[in-house]
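The structure under discussion appears below in the form of structure tokens.
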Amino acid sequence: MSPWLPILMAVPVVGAIVVALLPKGSDKLAKQVTLLVSLLVLVLTGVMAAGFDPSGDRFQFVAEYNWIPSFGVKFGVGVDGVALVLIALSVVLVPLVVLASWHDADGVKAADGTLITPKRSVKTYFALLLVLETMMIGVFAATDIFLFYVFFEAMLIPMYFMIGSYGGAQRSYAAVKFLLYSLFGGLLMLVAVIGLYVVAGKQTFMFPELVGAIQDPTMQKWLFGGFFIAFAIKAPLWPVHTWLPDAAAQAPAGAAVLLVGVLDKVGTFGMLRFCLELFPDAAKAFTMPIVVLAVISIVYGAIVAIGQTDMKRLIAYTSISHFGFIVLGVFAMSSVAQSGAALYMVNHGFATGALFLAAGFLIARRGSPYIGDYGGVQKVAPVLAGFFLIAGLAGLSLPGLSSFVSEFMVMIGTYSSQAHGSGALTAAAIVAAVAVILAAVYILWMVQRTMNGPTAEPVKAFKDLSAREVWVLAPLVALIIGFGFFPKPLLDVINPSVQQTLTNVQVPTSTIAEGTGQ
Amino acid sequence: MNGDFQAPTIEYGTLAPLLVVFGAAIIGVLVEAFAPRYLRKPIHVPLTLLSLAGAFALVLVQVMGGQVSTAPSAMGALAVDGPSLFIWGVILVLSFVCVLLINDEGHFVASAAAVPGSADEEEAEAHSGGVGHTEVYPLVLFAVGGMLLFPASHDLLMMFVALEVMSLPLYLLCGLARRRRLLSQEASMKYFLLGAFSSAFFLYGIAMVYGFAGTVSLPGINRAMAAGNTLDPLLLLGLALLGVGLLFKIGAAPFQAWKPDVYQGAPTPITALMASGTLVAAFGAVLRVFWVGLGNLDWNWRPVIWVVAALTMVAGSILAITQTEIKRMLAYSSIAHAGFLLVGVMATYGSAERNADSLKAILFYLAVYGVTTVGAFAIVTLVRDPGGEAGHLSRWAGLGKRAPLLAGVFAFFLLAFAGIPLTSGFFGKYAVFAAALDSGTQAGDSVGGWMAGLVVVGVVASAIAAFFYVRVIVLMFFSDPAADGPAIAVPSMGTVAVIAVSLLVTVGVGLYPEPVLGIANQAASSLFIR
């Protein structure tokens, strides 16, 4: 029994209660407390992660408490490599989002003095953020499937209020759409969770004990379907992706980062951990249809992104394309592709996070998300333009930046995967490669239209990034470049758990890729 | 035949909770008859609350003392078994908090007989000093007594008597709203006419079943079915008619039409009592009739209840979307929840131990749903327009900005109704669905498929239902407040207590349901007396 994970989960929620109980008018204090708490969580996670032994047991820092014995539910937490890096991603992003959202609820004024967003409750926003942090840690740490489900559903609520109360003009539509899509998927998953418990007949929801518990292939397919639909909506995969552009475009930039960077990863994480390991036969049977959906997402997301006029929607569509890559990697059934997919989850969080935040800073200066309202920002605000460019290049997976490593691994792993006949996955990888070119189009064209060219009249009044804003973007860019050249620390942690997954799926694991980014 | 009179044996100890409630109700009637007007309320309030608390204490004594009876009481007329005692406890707690709501001034008319808007009404209003009918208290006690009797009835005749004792006071209470008199009278009339019809069906069903079995005792009927021909038309007709009567009371489709009208027209505290206490009592009776009386016939009633449950969940959820009145919306929500509970009613097993599992699920669901419902209606009483409660949903727009705490608590109750994790409602729904799937799997392939299908219908209905709960949250938090929005009444101590208790239970059980589940489990483990 290790107290680490319960402590990590308790700190933010205690912080949230403190923030919520602060007296009226102490907005600044609320922000400071939130920042301190999120930094404390970051430090604690760092100390914990230092003690993670990649060659040790699969699940480490395990803690189990009886929660609801009547239902056979335990409060069971523990992390493997993939879960650990995703928790690390979450706790790195939260303090940056706190800093980035510093003035979001204060009532944002554009450069010309028009009010973009009215003043709203600052305390509530930051309390919700901390509650969300607890749930993000919990959802990745849960080893009890019931507990996972509880976090999976409950984390919708703080995000729902963050979008609905603090978002843009269409916020309530976007928030409701987000909630209903996710809730519907979640409820189907609930049926599958119950079914798993009932059919396995083991009187427990603990994941390690349920691996291999369902043998009947038909039953596997039904249960797989329940889980997969929920995760496909969450990830999101074409054709159930339509909520994401609305939600991400309407959410405040900070919330959008957590939504796309972390919450959506729960979907791909769930596919890797639960869909594959609990229902290996069904996963193999459904590989091809899912690969087709993933490839459609990759190409469709990229093409639609090119046509967007709203920056946040554009970034959301690029993410749909990237999630397609992750799903492709997960279901390619080769160790290189799966390691690449797990690495992609982290890198995408940093890259898209940086891009959303940079776009958010840009939008906060002009009050418009539309690309056509900008032009020539580089001359007025070179630092902002520089960060925007690097974040964008990470989004198109430029070699030397972190996303490149993971995208390359997914492609290579898929191309050479023999899991489903020789040619099928190779063809998928070739089609997916088209998106690499499209990615250059959507990113570079957006950068060109906003940053270069003649300076638009309202843009002339822009101030360059403040110190606070630089502090938000600099760590992300450092991580993007750092892991671009040296992904080994992440891969060392990820590889053993991916290997374990493939062993449980009974796919022969031949070679595990070392870092290829050098 | 000898002429000696055999005195019936009555287990006074076991039946004490019932006797306390009915006794207090009769004293209440005497108070109405003899006490001067200004003294009536000061006498009624403590009398009612003390009798309910006392009855609850007597239930506790039986449970704690380990004296839960295992044989029928009162010459086989009543069965005070584990499930009965649990349901009694829940009903007594719920009615206690409802009485706290009833105490608030301004809910009840001073003279129900006066024509709305007439001089008579004004005069009565002036005389009453704003207190309204004090007959409310004994009427509520009689209704609560009926609710206690209903699920504990061990034969059908007693069950019919209980049904009437429960319903008649409620018909009257529905017509006593102080505001919107015509709506209230309409509600009362509708409820009475439809209720009378359903009672007639129920009574006719009893006669049919008696014709088949030669007895009205529930285990007797079960034994007769084990011995006789279960396809006897008398039995099947009787079963159908009994079903109509019972399903009407829980508001299952297609017998749900009365619920929205009655819930809307009745004074809100009475609506709260009906939506919580009556539902709990009626489900207790449904379980007893279907599990004890018709246990040997479950192949005949299962398909029917399958259809009714699916229809109820879907109809309740879909019709709720179109509602623009908060109480009507909550009424449809209550219909949908009746459907979810019916899913649990179908979860019968061969073995007694597993049966206790699904019984536990239903008892747990009833308890937590009842508590949340009372809290939600308590909040409805606080949002007021000059003409009474602000019922129309558009009036609730922007409430989150005007009264963040109130709107936040209400939003939490709505999330609990929607079954979001970390609220009590989630565990209720989970328990019922899990029981249904488990029993289906135990029973074999085709039944397993049907039960899984019903649970999928259930979750789809939950998703639809989530839409209208969320819509209210959107309205409260994401819309701008209306310029002349409703006033938030300053809540009385009683109302604050009701909301606080309801919130605490909804949150507490949502985080740690084990204690309540444990109690439900203990109550269910003894099963119904057969």
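Yeah, the Cβs are placed from backbone N, Cα and C, and that goes for glycine too.
Automated prediction, rather than curation, is the source of TrEMBL annotations.
These features come from TrEMBL:
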TRANSMEM  A:6-22  transmembrane segment
TRANSMEM  A:34-52  transmembrane segment
TRANSMEM  A:81-102  transmembrane segment
TRANSMEM  A:122-140  transmembrane segment
DOMAIN    A:142-418  domain 'NADH:quinone oxidoreductase/Mrp antiporter transmembrane'
TRANSMEM  A:146-166  transmembrane segment
TRANSMEM  A:178-200  transmembrane segment
TRANSMEM  A:220-240  transmembrane segment
TRANSMEM  A:252-274  transmembrane segment
TRANSMEM  A:286-307  transmembrane segment
TRANSMEM  A:383-405  transmembrane segment
TRANSMEM  A:425-447  transmembrane segment
TRANSMEM  A:468-486  transmembrane segment
Sequence-distant residues near the transmembrane segment (A:146-166) by C-beta distance (under 8 Å, 6 or more away from its ends) are 67, 71, 73-77, 104-105, 117, 120-121, 124-125, 128-129, 131-132, 135-136, 138-139, 172, 174-176, 178-179, 182-183, 186, 189-190, 193, 197, 205, 207, 230, 234, 247, 250-252, 255, 258-259, 263, 266, 270, 274
Spatial neighbours of the transmembrane segment (A:425-447) not adjacent in sequence (6+ beyond its ends, CB under 8 Å) are 291-292, 294-295, 298-299, 301-303, 305-306, 308, 311, 314, 317-318, 321, 324-325, 328, 332, 371, 388-389, 392-393, 395-397, 407, 411, 414-417, 419
Near the transmembrane segment (A:34-52), which residues from the same chain, at least 6 beyond its ends, have a CB less than 8 A from one of its CBs? 4-5, 7-8, 11-12, 14-15, 18-19, 60-61, 79, 81, 84, 87-88, 91-92, 94-95, 98-99, 126-127, 129-130, 133, 137, 493
Distant-in-sequence neighbours of the transmembrane segment (A:6-22), which means Cβ under 8 A and at least six residues beyond its ends: 29-30, 33-34, 37-38, 40-41, 44-45, 48, 63, 75, 77, 87, 91, 94, 123-124, 126-128, 130-131, 133-134, 137-138, 141
